[in-house]
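Asks: Sending over a structure as structure tokens; questions will come in a sec.
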Amino acid sequence: MTAGIMSAGRIQVRGGGLQAGKYLVLAGAVFNLALCFVSTRHWLHIGNAQIAMVEIAIMAAGFYLIRHQVDRNALWIMAVTFGFLVGAKLVNPALSFKIVHDVGIMYIFFVLGRMTTERVAWSTIWILTALVLAVGMVELIFTDMYASLFNIWDYYVQKGVISSDTVNYSNTNLFLSGNRGAGAGRTFFQSIFGPHRVSSLFLEPDSLGNFSAVLFAWCLSVSRNQPGRRCVLLYGLAVLCFILADSRFASGCCMLMLLMRISPFCRVPLVAFLCPVIVATGLTVLGSLHELPGVLPAIIKDDLSGRLIFSGRLLDYWNIGQWFGLAPSQVYTSDTGYAYVLNNLGAILTLFYLGVFAFHRSRTPESAIMKTMISVYFATSLCIGASVFTIKTAALLWFLYGVTEVMGPARQSVRPVRAARPAARAVLPQVAGAAV
């Protein structure tokens, strides 16, 4: 969470910077669908390396656009972070430098958001929502055709997310969690949708749930009881998205964000800081109440309670080395976000980044609210996984947070920078010569 390392000075927007962020957010959301189509058509073998190259290209383009906005504080924080990771890697070979990629997405798209306008943000939201619902409806109504165009199962096998020997109980080309298992049933409208969980252009239902939570957080932050500012339609579409995905996490997260929004603490920086800390502490206590001496933590029951207990047991099982990123975790951390962050970034740097994010001075009321909504979103999502870091939805989240920093009067501190006209540049030497 690196939002705070930007200074409060003026932001200069060069050339097409106002629109460029929108296109990169859209690219981050749709490129997996495009690559899956290419893979399904057998036009090109798509593996983890090819996917990573596309992500890096998107981030590189974003970094190029914000290169003039990177200040000295940001450079120092980058240097300290990289130095710690290199040193920790020497004693913890399992440490993953992917955490740099995750933090980079936050910073790059936050700054891109600060370089644009609310109008561009709304344009991004409506375009992306239209794409999500259009693809989602095709998947829901024409499931077999969708699966023939996008073999998601094979795509994730090639990506390395699904093991090649994993049994496909659903007997479809959808993602592993694309259908509720036998006896589990959907939470929302089982009789209408059956066991199918819609993934849309994100290819996995969890990301569609995250997308709905991001939309809901934006609505809570910018909506007002004024004509044209109530965001009623977007609220409804956000709810529709988590219903289609049958995302229990997203529905619960949206409810918690709503409760936080109507509380008197929705703009308090300390609350934004404490939310993840309190939840992580509570998880650890939960794990201590379900200890199994001599048994490695594992997901015993693949539901919400089982995931929470697993996350808590893993944190409780760790020694001090794992907490500070100086020793490898005894168990994989991809299914529990808190463990993933702590074991790769270390407790000290994690708290530092959280503090920078939480106590960064909000320039608008919308920004202060959005900050707290993000804190609730991360605090809850990290209990059951690390999907909040995927560029598919993280790019949109941090882009919108950046936009809230420059809404209303704060927009006046953003000034466009236009290149001098060729004719004007040609006149300058003549003027200088005349002066001599």
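The backbone N, Cα and C atoms fix where each Cβ goes, and this holds for glycine too.
Note that TrEMBL annotation is computational and uncurated.
Here's the feature list from TrEMBL:
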TRANSMEM  20-40  transmembrane segment
TRANSMEM  46-66  transmembrane segment
TRANSMEM  73-91  transmembrane segment
TRANSMEM  120-142  transmembrane segment
TRANSMEM  270-289  transmembrane segment
TRANSMEM  337-356  transmembrane segment
TRANSMEM  376-401  transmembrane segment
Asks: Could you check if the transmembrane segment (337-356) is in contact with the transmembrane segment (73-91), meaning 3+ Cβ pairs under 8 Å among residue pairs at least 6 apart in sequence?
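Replies: In contact, yes.
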Asks: In the same chain, who gets a Cβ under 8 Å from the transmembrane segment (20-40) while lying at least 6 residues past its ends?
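Replies: Distant Cβ neighbours of the transmembrane segment (20-40) are 46, 50-51, 54-55, 58, 61-62, 65, 109, 112-113, 115-116, 120, 123-124, 127-128, 131, 135, 148-152, 154-155, 158, 201-203, 391-396, 399.
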Asks: Report, as numbers and ranges, every residue of the chain located at least six residues beyond the transmembrane segment (376-401) whose Cβ falls under 8 Å of a Cβ in that stretch; write 'none' if there are none.
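Replies: Distal contacts: 1, 3, 21, 24-25, 28-29, 32, 55, 58-59, 102, 105-110, 112-113, 116, 121, 124-125, 128, 202, 206-207, 210-211, 213-214, 217-218, 249, 252-253, 256-257, 260, 275-276, 278-280, 283, 304, 307-308, 311, 333-338, 340-341, 367, 370.
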